[in-house]
Structures are given as structure tokens and as C-alpha cells.
Amino acid sequence: MDSLIDLSAPSLWFAAAAILFNPTFWNTAARTEYHNKTLTKLAGGNSLYACYGLAVTIFLLGLFRDFLYERALRAQPSHPLLANPGAQALSVGLLLSGNVLVISSMWALGVTGTYLGDYFGILMDEMVTGFPFSVTDAPMYWGSTASFLGTAIWFGKPAGLVLTALVAVVYKIALTFEDPFTAKIYAKRAAGGGSKERTEPKGGRTGPKGGVMKPKGA
């Protein structure tokens, strides 16, 4: 086992901690905003600015997590099975497809659609059904997971495969909390409880994250 993964390397645990922290942070922040309008109050009562502030924070945390992940991989043992032309070609394919899913979903949804705008009362009029949501309901989550996996294979690091599995599990758990909650938000609007909420005509909703938001539920 020691020849595959160096469990004594602090960088491995820092990367794992960041992977666990990020979705915990954005879900906690979003729910706090929804129930107490905490971020909107900090933004002087402007929910749009508050949403933008959270978006910048989540984006920077994602960059820091990716930095820790790469540093962790560099400190880990490599394995020859991951260092062959076939594996390298697979890694490139995963990186390209993962980034296409993430970038195209952000392009389709915009800032507020991507970064939890519905928790700020910035709701969508209709869901996005075109690419990449025609491929998966959670393009940002699974695109990000594919990028993690592609990076692990590119560097030939078994530890990266373990960290990628952690990413997938964390995202899956996050979706089990997020989808019902966002469905509740839209159900409230459909029942007439969101008459004062702003709408964003751009389309469906995903998070920093994934899971296209359907007005009738997720």
C-alpha cells in the first residue's frame, strides 16, 4: 500500500480536506442566506451583489482546492500502469470532456444561475434542456469529477484515483441535499409563495456543482 499511496504526506490530507470543505461551505452559506438573508445584509441589502460575492468566493476556493490537489499528486508515488500512451490519451479525453461540461454549463446559466442564485431569491423562468444538460443533469459536478480523474491519470498517481473517488462521493452527497431543497424553493414559487422573488430569464439552475434546476422539482 505504501508503494501506491503515501499516507504520511500532509499534502494528501490538505487536498482531501479542501475537497470535503468546499461543498459544505457553499451549502451552508446558501442555506444561511435563504433562511436569514445573512449575505444580502452584508451586501447592504442587495441580493445580486451578495450572490456575486458568494460566486467569487466559491470560485477562488475551487482554484485553491485544485492547487492543493495538484501539489498532493506531485508528492505521491507514480504507478507504471498509469504511465502508458493509452492511459495518457484517456486522461486527455477526460480533461477535455470535463472542461467542456463545466464551461458550457456556466455559459448557459450565467453567474447567478451557476452560483446558487435561487437561494438569494433570483429564480429562473424555465429549465435549460440543451447541451450540456442533455448529457447529464449535473454537468458541473461530473465534469469536475472527470477533470480530477484525468489529472490523476496524467500524473500517473494512484492517490489521485482515491481523491477523485472522494470528489465523486462528496458531490453525490451534496446533490442529495441540494436537489430537494432547490425543488422546495421552486415549489414555493409555484404555490404563490415567491411573489416578491426576482426572476432571471436566462434558464435553468445548476450550482458550483451541478444538477440543472427544474421549476417542478429536481
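Using the three backbone atoms N, Cα and C, a Cβ is placed for every residue, glycine included.
What you are looking at is a predicted structure, and each value in this text was computed from that prediction instead of being measured.
The intramembrane segment annotation in TrEMBL covers 10-30. The region 'Disordered' feature in TrEMBL is assigned to 189-218. Annotation source TrEMBL lists topological domain 'Lumenal' at 1-9, 31-42, 113-155. The transmembrane segment annotation in TrEMBL covers 7-26, 46-68, 89-109, 148-171.
When Cβ-Cβ distances under 8 Å to the transmembrane segment (89-109) are tallied for each of 7-26, 46-68, 148-171, the top count falls to 148-171. Among residues of the same chain six or more beyond the transmembrane segment (148-171), those with a C-beta under 8 A of the stretch's C-beta atoms are 4-6, 12, 15-16, 19-20, 23, 69-70, 72-74, 76-80, 82-83, 87-88, 90-95, 98, 138, 141-142, 209-210. With a threshold of 8 Å between CB atoms, the same-chain residues lying at least 6 positions outside the topological domain 'Lumenal' (31-42) that come near it are 50-51, 53-54, 119-120, 181, 185. Counting residues per DSSP class in helix, strand and coil order gives 11 helix, 0 strand, 1 coil for the topological domain 'Lumenal' (31-42).
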